[in-house]
């Protein structure tokens, strides 16, 4: 696969995705986009012919570019604000604290704990994990795959495509290879297919069955783990439980995590390496510990003791004690380490063999040199004849043909037996060239190479082989790729290849504004890093009258947060301005003369740095109202005395009332007397009148007391028969006591005539006109009659005597006789009444039988008929009246 150029607008350029294909399935340009570009170009060409359309098009493009620039500026501003905020720093420090608290029990554990902490840090911090295939950020909700060797994260779809494409390319390359004949004419088959794919970062080889098919958590217990805000991204939240490396028998007790498992934090009791100290509790990951004792074992020389600090009994270093030692042959002596006592001087032995003719050609050695090799059975140079001769005799050639196989392996040497190496094969044979396009007779030792250039496309699928007489095993492309890497700065320096180039391995230096702080980041990631946190002071001069110290930063300097402190010339007071510094404030205004062409046009914002005037002074100062009633703290800018809204309250000249006007200007604020601007009293006398007096005082408002009331008053006497005239102040004067007024009123209101009231007994009072109840009601001496219970006996006595005695007399014999007579008369009346009722009932029965009984047809007299009618009417009236009386009685009974 290779990069393809795609048409795109300059104003909205998109990065080329090497994995994206168009709708036709190829990696070439999209036909729809090509047609769109062609249409646009055609439109532009036609617009040149129309001047009016050209101007309108220019205006539209200018409007579009203005709106685009505005959006880009707002996006940059948002990015700067987001990247320059301190929230990420706080989040980073908090993540460091969290990791420190989690991994505090793994102190002194080695490199693996650092890797684990690095991967955890990359997951906890935003925008840190990057897929090296698509150069995109690995988000929390993405499906990922983690390499088992380098623990790098990749998108699941990216690594699947990577693995499948790698295997496909190797299979295609293997299919294009063919077997060939070497220079000796032997057929060399093409190598066997080795199908595997590599990790994009560490190049660890994986088998096809290892291609990830599912999105698993880091520990492999759960497929498709849920994205939980309180868990590490891409983890299941359960305990890892992987076997630790090296295998100590324990499992990882951290929650499901990225990267390698940290060393075993369990504690074990082991002795030191030399075994001389007692057992000690240490971390299982340390496996062993060293004491401060020295080793007492003999070194490899068997003479000196080790003397090193505690170590394993099998790891004693070589003895470094120096001594003079002879080499193996004993020819030289030098000072060497005790462990290097057996050394060779490099001198040829040179000792004579037992034959006394030849010398030993071996290097420095010990023991005897052995027998002379020339005295052993020997053959001629071609090896056809052998003989045993003294070492002093030379064995010459046999005179026969050599017949040794030459270097070609097919022909034999045709020369006579000779010492040394045989020459080159000069046989003329027909040999095919390497590519097999031609056959020609040449010397056997020569290789036939034709002038035909190989046109087979190399593994890069771009360049032909172009090697003369290629044997089919085209070498890899030796050209440099030269494509611009995604960073946009460097070109690919790898050999020409298929597919996307690997990410740029260069480092870019990102500097802060003052260039005092630098940071090395992968090339092409400068914009992702954002602004660098530089702790050096900003070198830009302050725009206000303060020093405004702050750290180095990107963009505009932060606004000054200090108090202004200058004299406030707005309110022209002596207080310094206490508002935040306003010498250089960013003011955003809109163009008032902007005239929109369409609804998409918006007025352009104009950003200016201005010096704002001092705000109104807010210092609290004491202010007394114009009437002197109250003093309160008011802002300095509004410290002019005003009315407090309360009543004036100053005492008027009348001595009774106070000024009712709202708080007004007075000359003396401390005075409580009437001022010239106070409202004069116009009210009448308001002094309360004596109890009973209903006449108002006619004098104007004055201090008490009022003049005596002279109003004439009339009223009736106690008995109500005579009218009495008097003056009001005499009757309700306040100068007399209550008892005196009561006695005076009693005398004045008495007419002197006899009282017309009655005693409780019903007789008239004997006293003169008076108030209240009649006095001495028990002294009434009027004559009254009293009777016995049956009212037969009667007697006249005085009223007071009748009240003292019982009102009833006792009955005597005459009363009993009278009572008997009355009972007898009542019984006679009742008997007569019963007889009369029985007669009436009998008569009514007869009348009923006559009326409703069997009829007798006889003529009746007119007088009898009229009498019957009258009797019927009377009977009907009596029955109706009786029914009505019964109904009335029943009603009253039920009502009660």
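A Cβ is built for glycine as well, from the same backbone N, Cα and C atoms used for every other residue.
Caution: TrEMBL annotation is automatic and unverified by curators.
Here the structure is a predicted model, which means the values were calculated and not measured.
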Please find, within the list 778-799, 800-821, 822-843, the residue stretch that TrEMBL describes as region 'Disordered'. 822-843
The residue range that TrEMBL labels transmembrane segment, out of 851-872, 873-894, is 873-894
Report, as numbers and ranges, every residue of the chain located at least six residues beyond the transmembrane segment (873-894) whose Cβ falls under 8 Å of a Cβ in that stretch; write 'none' if there are none. 844, 847
Would you kindly list the residues that approach the domain 'NF-X1-type' (487-506) from elsewhere in its chain, counting only those six or more residues past its ends and only Cβ-Cβ distances under 8 Å? 1-3, 18-19, 132-133, 135, 165, 169, 200, 458-463, 476-481, 522-524
Tell me the residue counts in helix, strand and coil for the domain 'NF-X1-type' (487-506), as DSSP assigns them. 0 helix, 2 strand, 18 coil
At a C-beta cut-off of under 8 Å, are there same-chain residues at least 6 beyond the domain 'NF-X1-type' (355-374) that contact it? List them, or none. 327-329, 331, 344-349, 390-392
Same-chain residues at least 6 beyond the ends of the domain 'NF-X1-type' (408-427) with a Cβ under 8 Å from one of its Cβ atoms are 184-185, 380-382, 384, 397-402, 443-445
Run through the region 'Disordered' (822-843) and tell me, per DSSP, how many residues are helix, strand and coil. 22 helix, 0 strand, 0 coil
Please spell out the DSSP helix, strand and coil residue counts for the domain 'NF-X1-type' (544-562). 0 helix, 1 strand, 18 coil
